[in-house]
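Engineer: Feature list, courtesy of Swiss-Prot:
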- 358-628: domain 'Peptidase M14' (DOMAIN)
- 424, 427, 520: Zn(2+) binding site (BINDING)
- 592: active site, proton donor/acceptor (ACT_SITE)
- 706-719: compositional bias 'Basic residues' (COMPBIAS)
- 706-726: region 'Disordered' (REGION)
- 758-789: region 'Disordered' (REGION)
């Protein structure tokens with residue numbers, strides 16, 4: 001009568017709808033159950049309600065993932081959080097993961113509070129677009145199938161150093177390392193299979209490469225063995241090889257961006273089995289940039305697990321004898337540069353990490369967004385959606401932040417602000433600035449509430465999750481720099497960029513976009529600054545510089561207005577900043593935050609900390625309020641200051657050129673691009689163009705075309721044919737005998753040898769008329785004579801056609817069947833000439 005209430009009723013015939021939804025959701029990674037079984041949706045919702053923060057660990061998207069595997073089980077994993085205690089729970093759950101095995105219910109609409117009690121209620125409707133909520137699980141990161149990934153959970157605490165971390169001051173006696181490599185050293189760590197140039201991304205899965213994870217580090221021979229144990233097969237990790245060249249000295253090789261042979265800048269790896277009293281030297285041997293902030297005092301980052309556990313100390317700047325220079329390696333293609341430093345570890349048998357900058361992983365982002373989605377207050381004005389899926393199938397998140405409007409007219413009047421980060425995966429600076437912005441805009445601060453009242457914020461916190469996960473520095477899994485492809489039409493190859501541009505295009509149709517800003521990191525300049533676009537409209541002249549100037553006043557010890565640049569270069573046409581500007585967003589910027597630190601004010605010669613970067617996110621919000629203040633006093637003052645700064649810059653430029661000019665009348669008509677220098681160029685132009693899989697096909701087609709061109713003879717012009725004919729004619733004359741008069745008399749003495757000689761004429765021999773009707777020599781040879789020692793031989797008709805190829809000019813001609821005349825030498829010496837005459 002009431003089958004839905006029979007909790008232990010076995011379902012022998014699968015429900016078609018349930019079966020369809022199971023297969024559909026399994027494709028997106030929500031279920032990994034045993035073959036032939038169906039998920040208990042009521043049970044899943046019960047678990048999610050009581051334990052909202054869990055990860056569904058499994059693989060999806062690959063061919064093998066579409067078919068349920070009897071050996072695969074559904075694992076419930078707690079996500080990374082800010083508490084180290086929670087992370088210890090993660091590892092325990094990983095070890096003792098279990099599978100939901102409860103009887104399936106017929107009804108899909110009734111739920112139960114307890115498994116043993118009958119208290120049915122209707123299921124709540126699921127949200128269509130929200131991904132992270134108490135009702136939906138997080139998806140684990142997906143890796144290319146070539147990448148091995150360790151199962152350990154890596155987590156770091158946030159920490160602000162109590163004292164400023166000053167730049168390293170070079171002493172001038174820093175050691176220049178001599179790279180010896182594997183010949184004189186011992187390889188102690190090396191990745192087996194690294195996708196490089198020539199290969200391309202094909203598929204992905206959770207956990208990366210299938211099979212048993214190999215132990216790449218060396219095996220210690222005993223407790224006295226002091227060899228360091230290296231590891232980098234985790235999120236954002238990057239280290240390809242480590243070579244031990246001395247007891248405490250190691251040469252390190254970074255992995256290039258996947259499917260490329262370039263972009264070695266970001267590093268992040270783990271070392272174990274440390275010794276406290278020893279001085280270690282590390283040398284990265286394959287860096288590609290000739291300039292670096294390491295030359296002006298930047299230090300690497302060190303993280304000690306023992307310090308984090310016992311003293312609550314996180315990442316800190318460490319290192320001595322730091323030197324960045326060109327190394328002695330030469331592969332014949334491009335020069336390499338090396339970074340070397342020495343360090344003393346704080347503990348014996350410690351687990352430590354080195355990094356180029358403060359890491360911020362895809363899992364860190366997901367945990368932050370999960371906390372927002374589960375916050376009952378923040379979730380009211382922050383809606384989380386999926387913009388798209390990356391090439392590997394990872395979610396690209398889109399946040400819409402605004403307070404609910406009272407009327408439709410009020411909602412339509414709101415202007416929009418678009419912010420994005422991590423299009424370059426190795427620039428984790430952008431994620432920390434973005435986190436500072438989100439912390440403030442989602443807070444209950446009166447300024448934050450006001451901003452939510454007047455703006456609609458569209459936030460893309462991580463545009464390139466694939467690159468972040470695998471530890472790339474600049475490229476996506478397409479092997480290309482996404483910040484050069486904002487004009488792309490290749491949606492399948494660059495989905496993150498294509499959908500971002502499309503979203504902004506639709507947004508512009510709905511409302512005005514006041515500001516677009518993409519958060520980046522810079523490896524060759526200190527401080528923070530903006531790149532913008534000069535406005536050619538005289539009505540809004542210099543308006544694009546007001547926001548950067550205001551930001552420099554709000555953060556005077558971190559932001560440098562004089563480092564800003566507004567020149568639009570041709571090589572930057574594909575960047576987000578320029579494309580959005582051409583789409584109509586006047587205030588379109590790229591914010592560059594240094595990997596180093598500040599040279600300004602109270603923070604002069606100190607490294608940026610995580611808190612410094614997060615404060616920049618707050619200052620973006622503060623500057624937005626100043627920029628949009630109905631009282632235009634600040635705006636007007638900044639505009640006047642900009643005009644004065646520009647006047648001084650123009651005077652300086654003309655003074656450098658040795659010219660004097662009166663700028664009282666027409667100085668505002670001078671093009672701003674003419675007085676601005678170009679931005680310090682990046683090496684992204686090398687990663688522009690087609691995605692690598694299409695580039696490989698294009699290269700193959702080009703090679704085939706070139707081969708065909710070489711094989712096929714090109715047609716000659718008339719002029720070339722005439723020149724070739726004259727040259728051959730001259731060579732022919734030189735081979736003939738010198739006595740032309742005797743040849744003429746020979747022809748007169750033997751007229752019978754030539755049939756119809758009276759009516760014969762000398763016709764030129766052409767390819768289109770190989771059969772000649774004349775008995776005389778070809779017109780090309782009419783001025784030549786045969787040697788008198790020659791004799792003529794008339795061959796009878798029944799001998800058949802004579803096939804000869806002695807004369808290449810006549811190789812395509814056929815002999816007349818009636819008569820063939822050969823002129824042969826009398827003596828047995830070398831033949832001087834052999835000529836065929838065809839008769840009618």
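Glycine is treated like the rest: Cβ placed from N, Cα and C.
Could you place the listed features in the three-dimensional structure?
Structural biologist: Same-chain residues at least 6 positions away in sequence with a Cβ under 8 Å from that of residue 424 (Zn(2+) binding site) are, in sequence order, 430, 464, 467, 473, 474, 481, 482, 483, 520, 521. Reduced to three states, the DSSP call for residue 424 (Zn(2+) binding site) is coil.
Within the same chain, the residues at least 6 positions away from residue 592 (active site, proton donor/acceptor) whose Cβ sits under 8 Å from its Cβ are 520, 521, 522, 525, 528, 529, 530, 531, listed in sequence order.
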Engineer: Using a 10 Å radius around its CB, how many other CB atoms surround residue 520 (Zn(2+) binding site)?
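Structural biologist: For residue 520 (Zn(2+) binding site), the 10 Å Cβ neighbour count is 23.
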Engineer: Let's check the environment of residue 427 (Zn(2+) binding site): how many other CB atoms sit within 10 Å of its CB?
Structural biologist: 27
Engineer: Neighbours of the Zn(2+) site 424, 427, 520: Cβ within 8 Å of the Cβ centroid, same chain, sequence order.
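Structural biologist: Those within range, site residues removed, are 421, 422, 423, 425, 426, 429, 430, 474, 483, 519, 521, 592.
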